[in-house]
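Here's the structure we're looking at; comments come further down.
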Amino acid sequence: MAAEIHSRPQSSRLVLLNKIEGHSDGVNAAVLIPKEDGVITVSEDRTIRVWLKRDSGQYWPSIYHTVSSPCSCMSYHHESRRIFIGQDNGAVVVIDLQRVCVCVCAAHQNRVSDLIFSLESQWVISTGHDKSISWMSTQSGSMLGRHSFGSWASCLQYDKDTQHAFVGDHSGQITLLKLDEQTCSVITTLKGHEGSVGVLYWDPVQRWLFSGASDHSVIMWDIGGRQGRTLLLQGHHEKVQALRYLPLTRQLVSCSADGGITVWNMETTREEAPQWQESDSCQKCEQPFFWNIKQMWDSKTLGLRQHHCRKCGKAICGKCSSKRSTYPIMGFEFQVRMCDDCYDTIKEEDRTPLATFHEGKHNIGHMDMDPSRGLMVTCGSDRVVKVLISYIK
């Protein structure tokens, strides 16, 4: 989709410029070619296609290349005119558009989930369903290093200045590693999602890491901040599969599997969501929860189900948390459970949205943006690639 996103969350509309169809299976990645009216796509149908816009206004494939295995992910480096493709069989394919040559390297033993090319180190870094991250030299073609995890490695980001890699996995955690020529060291792990991490986006200036997961949430990790602040953003009804932070307008764009596109205002001061407290009884009325057998026996009452207030984090029963409210400053754009005391403290202006919501009207598994031209491209399992632009009313 092509979309121009402005600094304040306000009413906007997405306008479809072009719909690109032609793949016979799901499209796993689509990128806009900088400074050109072109799109590169890779698909489960084992093809890599370069689509250029013709005088008719339609996109037609000018380059069409078929590989031996379904294409799972892609990275494109415009200056060197090279496309890096991860495949279902674990191989990484490098296509040099200038020399019209192809190089195939065995990187993983299973599907490649994500990959990044670093011009500075001349490395291709990739993650795979074989529960590993690997990095290889594009100059020698040799494998430099590999590190294994306890779960599928599903997504990747890389900081070229510090050679730190961020790897999200199927268990819901993110591992921070320092990569060296032939070794690596684990710096820390980040835990906050309740579902598999599907996408990461790293902003090297603010030193913010954004993660999207199958729990329908986005988390901003303040890696550069001394306090290690994390912000929870809940504005999707399905798993989050694409992210992009726009530093000039201080906005985050997130896309989910149901076609939802959310634009978050990251310029405003936000509050961290509290940690959930644990208790054997309601922290409001003191009635026992159903596992507190002693108190149930002593009070001759049935145990209650435990809930949590999203604003204060206290463990409460259903009777003491009968109210629902949005609370955008804490990232809750949809109504969530509140204890009665917290609900009474929320003013009407506290419910003012800090995000805008749009419909891509198709499954979105991958998204790319060109903010300078106001363009966005989306693709997914429905085989359709959409180029859109957004207008602010």
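For all residues, glycine too, the Cβ spot is worked out from N, Cα and C.
Automated prediction, rather than curation, is the source of TrEMBL annotations.
Summarising the annotation, TrEMBL assigns repeat 'WD' to 20-51, 190-223, 233-274. What TrEMBL records for 276-347 is domain 'FYVE-type'.
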How do the residues of the repeat 'WD' (233-274) split into helix, strand and coil according to DSSP? 0 helix, 21 strand, 21 coil
DSSP on the domain 'FYVE-type' (276-347): how many residues come out helix, how many strand, how many coil? 19 helix, 20 strand, 33 coil
Within the predicted model, mean pLDDT of the repeat 'WD' (233-274): 94
For the repeat 'WD' (20-51), give me same-chain residues lying six or more residues beyond its boundaries with a C-beta closer than 8 angstroms to one of its C-beta atoms, as numbers and ranges. 2, 59-74, 76, 78, 83, 85, 88, 93, 95, 97, 365-366, 368-370, 373, 375, 377-387
